[in-house]
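Asker: Pasting the feature list from Swiss-Prot:
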| type | residues | note |
| --- | --- | --- |
| ACT_SITE | Lys275 | active site |
| ACT_SITE | Arg349 | active site |
| BINDING | Lys263, Asp268, Asp286, Glu347 | Mn(2+) 2 binding site |
| BINDING | Asp268, Asp345, Glu347 | Mn(2+) 1 binding site |
Amino acid sequence: MKYQAKNTALSQATDCIVLGIYENNKFSKSFNEIDQLTQGYLNDLVKSGELTGKLAQTILLRDLQGLSAKRLLIVGCGKKGELTERQYKQIIQAVLKTLKETNTREVISYLTEIELKDRDLYWNIRFAIETIEHTNYQFDHFKSQKAETSVLESFVFNTDCNQAQQAISHANAISSGIKAARDIANMPPNICNPAYLAEQAKNLAENSTALSLKVVDEEEMAKLGMNAYLAVSKGSENRAYMSVLTFNNALDKNAKPIVLVGKGLTFDAGGISLKPAADMDEMKYDMCGAASVFGTMKAIAQLNLPLNVIGVLAGCENLPDGNAYRPGDILTTMNGLTVEVLNTDAEGRLVLCDTLTYVERFEPELVIDVATLTGACVVALGQHNSGLVSTDNNLANALLQAATETTDKAWRLPLSEEYQEQLKSPFADLANIGGRWGGAITAGAFLSNFTKKYRWAHLDIAGTAWLQGANKGATGRPVSLLTQFLINQVK
C-alpha cells in the first residue's frame with residue numbers, strides 16, 4: 001500500500017472519497033463543500049435520517065452529480081470532541097471493510113479533519129495507517145487456498161504538513177516491524193526453531209547496512225558459563241542459539257547502546273513439569289519476546305534512527321527428555337549465583353538470567369527485556385496491558401509514556417525487596433519460582449538479581465503477545481511501544 005499526504009481538491013477524480021460526519025448535525029468543512037457541489041444532496045440525507053453520524057456507521061454513495069469521485073464513503077464519528085482512540089480504530093476498520101467489499105483501488109481521505117481527544121494530526125494519520133496494516137494482515141503461508149487480499153493500492157491523506165510526512169514514515173516502519181514479528185511468531189514450531197530464528201536474524205542483518213549479527217551457539221555458551229540457559233535446552237534436539245543484532249547508527253559511535261533482550265522459546269512444553277495438553281499448541285508463541293525485538297530492530301533500521309541499539313534473540317526450546325533438566329537440579333548461572341529448580345516450566349527466567357548477564361559486556365545505557373514470562377501476569381492484567389517491572393523510575397516512566405502514545409498499553413507492577421523473600425532456597429542462592437502469590441512480580445524480582453550493573457526494565461507480554469479463539473494469532477506487541485520509546489530517545 002502506498003500512503004501519501006497532500007492537499008487535494010474535492011473535485012479531483014478518484015475511486016473514492018472518505019468523509020467523516022459527527023452526530024447532531026456537526027459538519028466538517030469538506031462535508032459542506034461536497035454538499036454544495038451536489039446541490040444539497042448530503043443535507044437531504046441528514047434530514048431524512050439516513051445520515052446520523054452514529055459511530056462507525058457507513059453509507060456509500062455512487063456517481064454523485066457534481067462530484068468527480070466514483071464513490072463517496074461517509075462514516076459516522078460520534079459526538080464531536082468525544083472521539084477516543086478505540087472509537088477511531090473502529091471507524092478506520094469500518095471504512096476499510098467497505099473499501100474492500102467494493103474493490104476500491106485508490107482513496108482520498110478527509111478523516112484528517114476529525115478531532116480526537118488529546119491527539120494531533122500526526123497521531124491521526126499514523127494510527128490510521130497502523131490500523132489498516134494490522135487489519136489487512138494475513139498469515140496463510142500453509143493454506144492451499146490463499147485469503148483474498150485487498151486491491152487497495154493508494155491511500156491519500158488530505159494534508160501536506162511535515163507532521164503528516166513524518167507520521168507516514170513512522171507508521172510504515174512500525175507496521176513493517178509488527179508484520180515481521182507476527183510472521184515469525186505465527187510460524188509452526190517444527191519450522192521456527194532456534195536455528196530458524198537465527199537465520200531470520202541473519203537475513204535481516206544482510207539486508208541492512210547498519211545491522212550486523214553475531215550468533216552464540218551452545219559451545220560458546222558453555223565456555224561462558226551460561227549453564228541456566230543451556231539447562232533449559234538439554235531436553236530438545238534443537239540446539240539453542242542466541243542471536244545478537246547490533247545497530248550502530250549514533251552520531252557518537254562510542255555512545256552506550258540501548259539493549260533489547262527477547263525471550264525466544266520457540267516451543268515450551270514445560271519440560272519435565274509438563275504443561276496440560278489443552279492449548280499447548282499456543283506455546284509456539286513463547287518466543288514472542290524475541291519476535292518483538294526482531295520487529296523493533298527491523299523498524300529502527302528502516303527509520304535509520306541515530307542510536308546505538310543491540311537486540312538479543314534468546315532462542316531455545318523446552319521439552320521433556322531423558323537429558324532434560326529436572327525439578328531439584330541446582331544450576332550455576334553465568335554471574336555465579338546458584339538457582340534451585342523447583343519447576344522446569346519456569347524456564348524463561350533461566351534463559352533470561354544468563355542473557356541479562358551476557359549483555360553486561362556491552363556496558364549498556366539501559367536494558368529492556370521482553371518475555372511471555374508468566375501466566376500470573378495474564379491473571380493480574382488480562383490481555384490488554386503488558387506488565388512492566390523496573391528498578392529505574394525514569395526508565396519505567398519513559399516506557400509508560402511510549403505505551404500511552406501508541407496505545408500499546410502497559411501497567412507497572414511493584415518491585416520491592418519483600419518479594420525477594422519468596423525466592424529463597426534452603427539449598428541455593430535462589431529458587432526459580434516464588435510460590436503462588438504475585439507470580440508476575442516474583443519473576444521480575446528473580447531477574448532483577450542479574451541486572452545490578454545497568455538500568456533495567458522488564459515487559460511481561462504473556463497476555464498481549466497473541467490472541468486466542470477465532471482471531472488466534474500473534475499481535476506483534478510490543479513493537480509499537482518499543483519503537484516509540486526509541487524514537488523518543490532521539491528527541
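Cβ atoms here come from the backbone N, Cα and C positions, even for glycine.
Buried or exposed, and what's around them? Tell me for each listed feature.
Answerer: Contacts of Lys275 (active site) defined by a Cβ separation under 8 A and a same-chain sequence distance of 6+ are given as Asp268, Ala269, Met283, Asp345, in order along the sequence. According to DSSP, Lys275 (active site) sits in a coil region rather than a helix or strand.
According to DSSP, Arg349 (active site) is assigned to a helical segment. The local packing around Arg349 (active site), expressed as other Cβ atoms within 10 Å of its Cβ over all shown chains, amounts to 28.
In sequence order, Asp286, Met287, Gly289, Ala290, Ala314, Gly348, Val351, Leu352, Asp369, Val370, Ala371, Thr372, Leu373 constitute the residues six or more apart from Lys263 (Mn(2+) 2 binding site) in its chain with CB-CB distances below 8 Å.
DSSP assigns Asp268 (Mn(2+) 2 binding site) to a strand in the three-state reduction.
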Asker: Any same-chain residues 6+ apart from Glu347 (Mn(2+) 2 binding site) with CB under 8 Å of its CB? Would you list them in sequence order, or say none?
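Answerer: Within the chain, Glu347 (Mn(2+) 2 binding site) has Cβ neighbours under 8 Å at Val232, Leu265, Asp268, Gly270, Gly271, Cys316, Asn318.
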Asker: These are the binding-site residues: Asp268, Asp345. Which one scores highest on other Cβ atoms within 10 Å?
Answerer: Asp268
Asker: Note the Cβ centroid of Asp268, Asp345, Glu347, the recorded Mn(2+) 1 site, then list each other residue of that chain whose Cβ lies within 8 Å of it, in sequence.
Answerer: Val232, Leu265, Ala269, Gly270, Gly271, Ser273, Lys275, Asp286, Asn318, Thr344, Ala346, Gly348
Asker: In which DSSP state, out of helix, strand and coil, do we find Asp286 (Mn(2+) 2 binding site)?
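Answerer: Once the DSSP labels are grouped into three classes, Asp286 (Mn(2+) 2 binding site) ends up as helix.
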